[in-house]
Amino acid sequence: MKISESWLRTWVNPAIDSTTLADQLTMLGLEVDELAPVAKPFTGVVVGEVLTVEQHPDADRLRVTTVNIGNGEPLQIVCGAPNLRVGMKAPVATIGAVLPGEFKIKKGKLRGIESQGMLCGASEIDLEDKIDGLLELPEDAPVGLNIREYLKLDDNIIDISITPNRGDCFSIRGIARDLAVLNQLEVTPPDIQAVEATLNEQKQVHLETEGAPRYLGRIIKNVNVKATTPEWMAQALAASGIRTHSILVDVTNYVLMELGQPMHAFDLAKLNGAIHVRQASAQEKLTLLNDQNVELNEDIMVIADDAKVLAIAGIMGGLESSVTDDTQDIFLESAFFAPLAIAGRARRFGLHTDSSQRFERGVDFELPLLAMNRASQLIQQFAGGEFGPITVAENTALLPKREAIELNQQQVSQLLGYEVETDFIADALTRLGCQVAVKAQGEWVVVAPSHRFDITIYQDLIEEVARIHGYDNIQIRLPKIDVKLAKYQDHLELGQLRQTIATLGYQEAISFSFADLKLEKQLNPDVNPLALANPISSDLAVMRSTLLSSLIPCVQHNLNRQQNRVRFFELGLRFDYQNAASIHDLQQTPTLALIAVGSSVPEQWHGKTQPMDFFDLKHDIEQILAAGRVKVEYVRSERAWLHPGQSAEILIAGQSIGYLGRLHPSLENDLDLGVTWVAELDQQAILQSYVSNFTELSRFPSVRRDIALLISDKINVSDIQQLIKQTGGDLLDSTWLFDVYTGQGVEEGKRSLAFALLWQHPSRTLEDAEIKSGMDNIIEVLENTYQATLRAS
């Protein structure tokens, strides 16, 4: 929005220069995009009066004039302007004048006739040309007065970018209000007096829609629509980028820019009956002031009479009821339209008007009467007329409510991060137009003014305090962090985990936490997943209880595209339904999931690839857990969706942290998959295992002893290893299986298992007797527990 600096200073005039004024507006949140002079610098141009006009003897298009500039003898000037005439007043560039573009005026001759200056058009003094020819000045323009002074060309135009929340600042009044508060000055508005009614004639107004809580109208008769717009008004409008049209249009535009209230004048003779503010009917048509034909529908609010639509409310008037040069009587409108009733309607018709721009953001609902009085005052002053009483139609229940907001000193300090004086807070809010009541020391109850639609919560009030106190006054201090920061080590370990899995040939998948109900039931029939109220698709309708319900579709997608080796992992969240008595008990568990199909290694030239098996997957799991140097155990898994003979639970310190294995063949068949290997582990357990626990390495020699056992093939190897570890005690450092044999020499139903046992003491060398005693105890326990026997060498 563009405004004249001099116009703004008639409302509030702080003792600061133009640049500082622009900086203050920007710091108030009214960002100044440009501060530019009304006209470029020039000198030596004054108001002149044409005394005589004679034809040039040697040029048909030139004439010789004498011009009075109020200083000595009249000047002889040769001019070719078509509108040149005796008695007119126009700008005169005298000898020595320098016009924009460094154009210097010198004494010269045109076709043999001496010319002592130049009569100027608008463009020659950096103004917009309205006509072809000289810039005609009013008859009362003082001869000899510097044209820059007379036309106020030493003024500046301030171009301000108004944010959507500050609809109240689309006017001189709104900007002056904030500027006055910042500089602790009083606003000096024009003296607006109500124009008394001189005739008793009114239009009935019916409010038939909730979008128009307040509507004012006034009949004005015998208006001189051909009256000349005063120069000061034309200059103010020109500075705002608004062309002058006629006195009525110029007055309503002036009130729009001055007070921020859109207004409209209808030709009274073209209105039939009462005024109705209503919603349009489907397919109602209207020709707008810009000659655009539009078709309306039920969500468009209109102004109508008893017979037809007159205007789109808050956007643009209709051509049929518009004021023309033949208009004598008018009906003047000033209203409050609800922002939501106007928002988006103008753009629907490809329009963007000053009126819609303001109503969309919110116009002060207490402003229509003041604006009506101001417009009436200006019309009476410059166009005359007889005025009827002001008709007020309103539904106060539909006017915006001004709710009380509680504010205290602590809230201000906490949000801003520094102390603002109590008196300043109350004073600033009061000067901004808020109603401020003291509740207690440092506590207030505040009601926002009618023009501020953006103040609804206490944070909005604190923002106002900060604006007026000055953003540049915010103290420089180090931030105070009250929140608990995430441990960097956790992020480091998570990144390390991702990198470890990626080096094993898996690609990371990132999927939704939503899953297909059917797949969830196939994986775990006992689970009743939480259904989404508004799923994005039918196959993403529940919250997943396992990451496999997200990874399996990824595998299917890739297999269907000729990818015969697929390996994915995901670090994500799953819902734990097991211990949830209600929805409120549900918890999400960070989980690592693996899925693999195809060969154990990519196809290679130097060797035959083998299908992936249980031990390949177990190797990957052990690589993932190896960084933690924790002791991992495996026991048979009883999960229904896993292969009963090729799956296991993963234990650390006796607690299950997940599982690994092959999907059950029947499930593979249902899902149209080949042999598919999967694993799921508790992510937190993995990261906790990464915590380093250092123990001093023994400097004393270790001793290895091997035993080969004949034992039933029904007994799990993990159970045997667990028993060996428990029996061996602290001196047994580790044990592992290194040979399995069945066949000749081993009776049916049994197998030979060979274990290595590593013995070591942390602070001394073990004696043979100690090792022998330990070995004997282990063999005895195995014999008694599993009927194991030593295999003969």
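Quick reminder: no glycine exception, Cβ is built from N, Cα and C everywhere.
Following the DSSP three-state reduction, the secondary structure of Glu464 (Mg(2+) binding site) is helix. Summarising the environment of Glu464 (Mg(2+) binding site), the number of other Cβ atoms within 10 Å of its Cβ, over all protein chains shown, is 22. The Mg(2+) binding site annotation in Swiss-Prot covers Asp454, Asp460, Glu463, Glu464 and is backed by sequence analysis.
When pLDDT values are averaged over the domain 'tRNA-binding' (39-148), the model yields 91. The domain 'tRNA-binding' annotation in Swiss-Prot covers 39-148.
Swiss-Prot lists 400-476 with the feature domain 'B5', giving sequence analysis as the kind of evidence. When the domain 'B5' (400-476) is classified with DSSP, helix, strand and coil residues number 33 helix, 16 strand, 28 coil.
The domain 'FDX-ACB' annotation in Swiss-Prot covers 698-791.
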Other C-beta atoms that fall within 10 angstroms of the C-beta of Asp460 (Mg(2+) binding site):
16
Using the Cβ centroid of Asp454, Asp460, Glu463, Glu464 as the reference point for the Mg(2+) site, which residues of the same chain not in that list have Cβ within 8 Å?
Asn165, Arg452, Ile455, Gln459, Leu461, Ile462, Arg467
Number of other Cβ atoms within 10 Å of the Cβ of Asp454 (Mg(2+) binding site) across all protein chains:
17
Around the Cβ of Glu463 (Mg(2+) binding site), how many other Cβ atoms lie within 10 Å? Please give the count over every shown protein chain.
17
Would you list the DSSP helix, strand and coil counts for the residues of the domain 'FDX-ACB' (698-791)?
34 helix, 32 strand, 28 coil
